[in-house]
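**Q** First the structure, then my questions, so here it is.
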């Protein structure tokens, strides 16, 4: 039986095999070492690419047709935030995997909140950069001024929430 790491390795290896598959997948390409598409499974890493590994790849996606809702932006898609229920993107239409009207992007630093000192940001859809909601003094991209209360007994200091006593030192 395999360890979890070996199982994961085999899953990734199998995926990569599909990426490089072509019409000559099991043809003998000489003594350059094992081919990625070899029928034998090996845990030994390849030292170099053999000629079979660098043949002209497929000119199209392996998955036909593209799948919307798998969190992977495929050919023809512009975004993919999963199926409609778990999708939390205001910029991506989960049903079509196309950007909402007037939007040009769906991801970037403005989508992730670091802590309570990081004000809510708005994905404008025009850039992956933040466009923050300014409710108090702003130091850039959603960061508030030092001393601003962020939770009970906590204030912002150096862009992080710290205990009031710690900030006073």
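Backbone N, Cα and C define each Cβ position, glycine as well.
Feature annotation from Swiss-Prot assigns disulfide bond to 68-97, 79-92, 81-87, 105-111, 110-123, 150-161. The domain 'Peptidase M12B' annotation in Swiss-Prot covers 14-57. The domain 'Disintegrin' annotation in Swiss-Prot covers 65-129.
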**Q** Relative to the Cβ position of residue 92 (disulfide bond), how many further Cβ atoms are located within 10 Å?
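**A** If we count other Cβ atoms within 10 Å of residue 92 (disulfide bond), we arrive at 26.
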**Q** Mean pLDDT for the domain 'Peptidase M12B' (14-57), as a whole number?
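**A** So the average pLDDT across the domain 'Peptidase M12B' (14-57) works out to 57.
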**Q** Please report the distance from the Cα of residue 79 (disulfide bond) to the Cα of residue 87 (disulfide bond), rounded to the nearest angstrom.
**A** 11
**Q** C-alpha of residue 105 (disulfide bond) to C-alpha of residue 92 (disulfide bond): distance in Å?
**A** 8
**Q** Please report the Cα separation of residue 92 (disulfide bond) and residue 68 (disulfide bond) in Å, rounded to an integer.
**A** 11
**Q** With every protein chain in view, how many other Cβ atoms are within 10 Å of the Cβ of residue 105 (disulfide bond)?
**A** 19
